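Engineer: Relevant sequence annotations retrieved from Swiss-Prot are reproduced here:
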BINDING   GLN46, PHE47, ARG48, ASP49, LYS50, ASP83, SER122, LYS152  4-amino-2-methyl-5-(diphosphooxymethyl)pyrimidine binding site
BINDING   ASP84, ASP103  Mg(2+) binding site
Amino acid sequence: MYDIRQMLQLYFIAGTQDCPNPTEDRSQNLLLILEQALQAGITCFQFRDKSKNSLEDQPNAQKALAIQCRDLCRLYNVPFIVDDNVALAIEIDADGVHVGQKDMSPIMIRQMTDKPLIIGLSNNTLEDLWRSEQMIEVDYCGLGPVFPTNSKEKHNPPIGLDFVKKAREAGIRKPIVSIGGVKAEHVATLKQNGADGVAVITAISLASDVSQAVKRLL
């Protein structure tokens with residue numbers, strides 16, 4: 001079993017929609033970026049393949065790509081998480097699944113499988129966090145967006161750099177990963193304020209030098 005707080009140190013999230021490249025197949029580009037990120041030291045990867053320019057309407061191709069990403073993560077002993085798609089996560093033996101407040105409940109996910117899935121839950125308010133804190137099924141909390149972000153078509157209001165500090169002062173003890181518009185210059189402040197780590201998408205997927213981007217975020 002993975003150490004959850006260590007796992008959250010640098011949490012990379014991506015799908016084909018995040019890896020544009022006019023000269024290559026997006027799936028191959030994702031695999032290339034993921035391997036470079038793994039080599040550079042990311043501590044977790046979440047496969048989040050949805051919306052425009054993704055393989056969402058090609059489930060067989062999406063599943064095949066998810067398996068390739070899982071296998072890469074296994075080579076580097078890095079947890080492989082699937083966003084939202086609980087059935088896929090269970091079918092391909094992912095290490096975990098991440099869901100939002102309006103997705104399948106962590107309680108139901110635990111009832112679906114005997115596998116020790118890591119379960120992450122997205123949060124935007126203190127009320128969300130308190131519900132997560134009290135659910136034994138939730139292993140870690142995603143908290144954000146810290147800043148406005150273009151990676152999601154619809155997102156909650158930004159919470160800022162200091163919100164995680166308020167959460168810790170209010171008594172939230174579960175592992176927290178901060179997400180949403182996070183850049184290298186924000187990492188130290190977020191961790192000082194109580195985040196266990198940061199989650200990023202384009203800070204890595206669109207970086208001109210993936211290895212350097214990862215090292216700056218660690």
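Heads up, the Cβ atoms here are built off N, Cα and C, so glycines get one too.
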Engineer: Counting other CB atoms within 10 A of each CB, which of the binding-site residues ASP49, ASP84 comes out lowest?
Structural biologist: ASP84
Engineer: Using a 10 Å cut-off, grab the number of neighbouring Cβ atoms around the Cβ of GLN46 (4-amino-2-methyl-5-(diphosphooxymethyl)pyrimidine binding site), all chains included.
Structural biologist: 26
Engineer: Within a 10 Å radius around the Cβ, which one of these binding-site residues has the most neighbouring Cβ atoms: ARG48, LYS50?
Structural biologist: ARG48
Engineer: Of these binding-site residues, ASP83, ASP103, which scores lowest on Cβ atoms within 10 Å?
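Structural biologist: Across ASP83, ASP103, these binding-site residues, the one with fewest Cβ atoms within 10 Å is ASP103.
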Engineer: For ASP84 (Mg(2+) binding site) and ARG48 (4-amino-2-methyl-5-(diphosphooxymethyl)pyrimidine binding site), determine the Cα separation and express it in whole Å.
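Structural biologist: ASP84 (Mg(2+) binding site) to ARG48 (4-amino-2-methyl-5-(diphosphooxymethyl)pyrimidine binding site), Cα-Cα distance: 8 Å.
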Engineer: Roughly how many angstrom lie between the C-alpha atoms of LYS50 (4-amino-2-methyl-5-(diphosphooxymethyl)pyrimidine binding site) and ASP103 (Mg(2+) binding site)?
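Structural biologist: Cα of LYS50 (4-amino-2-methyl-5-(diphosphooxymethyl)pyrimidine binding site) to Cα of ASP103 (Mg(2+) binding site) measures 14 Å after rounding.
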Engineer: Please report the DSSP secondary structure of GLN46 (4-amino-2-methyl-5-(diphosphooxymethyl)pyrimidine binding site), reduced to three states.
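Structural biologist: Where GLN46 (4-amino-2-methyl-5-(diphosphooxymethyl)pyrimidine binding site) sits, the three-state DSSP reduction gives strand.
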Engineer: Please identify, from the binding-site residues PHE47, SER122, the residue with the sparsest Cβ neighbourhood, meaning fewest other Cβ atoms within 10 angstroms.
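Structural biologist: Candidates: the binding-site residues PHE47, SER122. Fewest Cβ atoms within 10 Å: SER122.
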Engineer: Rounded to a whole angstrom, what is the C-alpha distance between ARG48 (4-amino-2-methyl-5-(diphosphooxymethyl)pyrimidine binding site) and ASP103 (Mg(2+) binding site)?
Structural biologist: 14
Engineer: May I ask for the distance between ASP83 (4-amino-2-methyl-5-(diphosphooxymethyl)pyrimidine binding site) and ASP103 (Mg(2+) binding site), taken between their Cα atoms and rounded to an integer number of Å?
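Structural biologist: Pair distance, Cα basis, whole Å: 10 Å.
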